[in-house]
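A short write-up of the structure that comes next.
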Amino acid sequence: GQRSNSVGSPVRPIPASRPARGIPCPSSCPKVQPHCPQVQKALRALTVPLETLQVLKGHMMQDMRKGLSRQMHAQATMQMLPTFICSMPDGTGKTQLDKVGGTTLTWGCGHLLPSTSVVLEANSSATCSPQAELTSWSKGFKCTGVEGKDVVQLLQSAINKEELYVDVVALMNDTVGTMMTSSVEDKACEVAIIIDAGTNSCFMAEAQQVEMVEESSGRMCVNTEWGCFGDDTTLSGIMTTYDQRVDKESSNPGKKRFGEILESVTGLLAPECTITLLPSVDGTGRGAAIVTAVALRLADQRREVDQLLSPLRLSRSDLQRVQALMRQEMDLGLGKETNARSSVRMLPTYVRATPDGTERGEFLALDLGGTNFRVLVVRVAEDSIRMASEIYVIPTSIIQGTGVELFNHIVECIMDFQLKQDLMEQILPLGFTFSFPCQQLGLDKAVLLSWTKGFNASGCVGQDVVQLLRDAALRKQHFTLKVVAVVNDTVGTMMSCGYDDPKCEIGLIVGTGTNACYMEEMRNVGTVEGNEGRMCINMEWGAFGDNGCLDHIFTNFDQMVDEKTINPGKQRFEKLISGMYLGEIVRYILLAMVEKRVLFRGKPCPKLQTKDIFQTKFLSTIEIDGLALKKVLAILRDLDLHASFEDSVLVREVCQTVSLRAAQLCAAGMAAVVEKMRENRGLDQLIVTVGVDGTLYKMHPHFSQNLQQTLQVLAPKCSVTFLQSEDGSGKGAALVAAVACRKAGP
């Protein structure tokens, strides 16, 4: 016979020339004959083909999935009990192990609320509170009044009654203890099996797969209770009459031979897995002590983590205070006499209306906000908007050169675009998106306050950028250029969305930077003459808090980020929210955790010292729901951070904390805006739409949801819809020009 397709003991027929040793024939046989048909029949009955084992493997995996499922758990024969053990020994708990004393009691608990076997620890300050409800006694125990009760509480009560200084801090069974014991010697040990008088297994599963508990991040050890597998007749096809009659005394295989067969067959059934069998020593005793040490380490780690992150976790009252301060700064910024005292500039844009759907015609748009800029033609019809555009590059030599060179280059690109679009002979209104700090003195007049984003062209600061563009057109003899409006990207976003939704009266940018604009009543705009109608106000809220009003919100991590920027002390609200800075905040927190020895085992991480190495895009990826921790590990290892699964969970928690705070602070600012609009209009309930743009809002998996949920809490009398902008800085600029032409009339 061949061994390749069957697993038994033995598999090959015994040769006739050799006597069989240790295999007695039935009493009906006069002699021990190796070729005895009854012997061969008995051995064949105990032989299980590999194909059958593959089928059983499939059945077991299906039953495991049922056991992990909340909906199908009751249908599973394997209970797949969560142990609430979410961490493995990391080699740092030796001093804690020395403190573990007392007793280990091993009971067979069914329904576990966190685990299975009670561990005592003397003189412990741990705050753990394990629970386990005993479903039934086994192994000869029959004490009354215990089944259905929390055995940990019963034990703790008995200990307290004796006035002993002992706390129950962890709960586990012998299978888990076996895994934990082996993990000290082999850090990769994540599976344990017990094969003795009984049998069981446990393994580390992704916590999100364990639907019976709320925990969804990291990993958790699952006690399979696989001894019950087959109680639903799944194993009936391989059960023999011998299995039904066997008793404990008849099974005593040699350990070495059993291990060889187990490892060999497991390799055949799971060829994609490399498995090493490591015999455990005192899994129930030493393993229990290790579980206790891990529990204590995690309790200490949790205290350190909470202490580091607590300043970033904002309460409702914290956010309401930020909302009130934003409102206060808005009112100061709108006042003619108080504007200089406000950190929120509240700049008039001279945009007096949003699109009403009657705009028609062709318009040019120029979008200048970085080293690449676009020229567009936008055709507004009754039922559609069509656009054509081209991107042009501004060489560094021009960015760092003179203003004349810069605006000459821009006009040359406009002329090139018009020539390609056959528009050279037409005089089209142009909307100019200029995304640099400006003081706007009219719809088509904006004085540059300062260059940012690497621009440093001379002769521009303090000048009207529209006039600089017109002067360049005259130098180039381009007499058909007609600039009718200059706006920033926030206003463009509002106008772009306003064309699709007439209720859109707010613009919001949350990307590399952040800003907001909204339609304010003219009677409240003290910096502009006139009381009738409304005007869009460019808040420039990124500077909120530059006057110190938000000092109570800033943490040590925020201060460190601010100090390393090119504009320390400026744009402080933006540095709490926008994508340019969130990764840096996370990086400084991770460094603090390494210093506290709660991350990466306290080992130095030279690459983490590099500024901007942890990009905000990593937050967006790491926080994706359902992202396996292995992928998080891959991201960290690409940064040369040698992280464990536990480290991955902590890094994810830090990312979530930082991005949540950013969304909440953004919501607090927006709550101040919508509440002011509601009060301005004397409404019990405001219905308004926010046009929003920016990579952080659009790409982060939870930012938009956290922002909207927080806004509902802070501004319950406002019904706010968020509408994502499509090309606000391009289409929006053209629509500003279109509205201006409509308002001007024929």
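The backbone N, Cα and C atoms fix where each Cβ goes, glycine too.
Unlike curated entries, TrEMBL annotations are predicted automatically.
As recorded in TrEMBL, the features of this protein are as follows:
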{"type": "REGION", "residues": "1-26", "note": "region 'Disordered'"}
{"type": "DOMAIN", "residues": "39-95", "note": "domain 'Hexokinase N-terminal'"}
{"type": "DOMAIN", "residues": "131-183", "note": "domain 'Hexokinase N-terminal'"}
{"type": "DOMAIN", "residues": "191-258", "note": "domain 'Hexokinase C-terminal'"}
{"type": "DOMAIN", "residues": "304-499", "note": "domain 'Hexokinase N-terminal'"}
{"type": "DOMAIN", "residues": "505-739", "note": "domain 'Hexokinase C-terminal'"}
Please work out the helix, strand and coil residue numbers for the domain 'Hexokinase N-terminal' (39-95) from the DSSP assignment.
31 helix, 4 strand, 22 coil
Whole-number mean pLDDT, the domain 'Hexokinase N-terminal' (131-183), equals 79
Which residue counts does DSSP give the domain 'Hexokinase N-terminal' (131-183) for helix, strand and coil?
21 helix, 9 strand, 23 coil
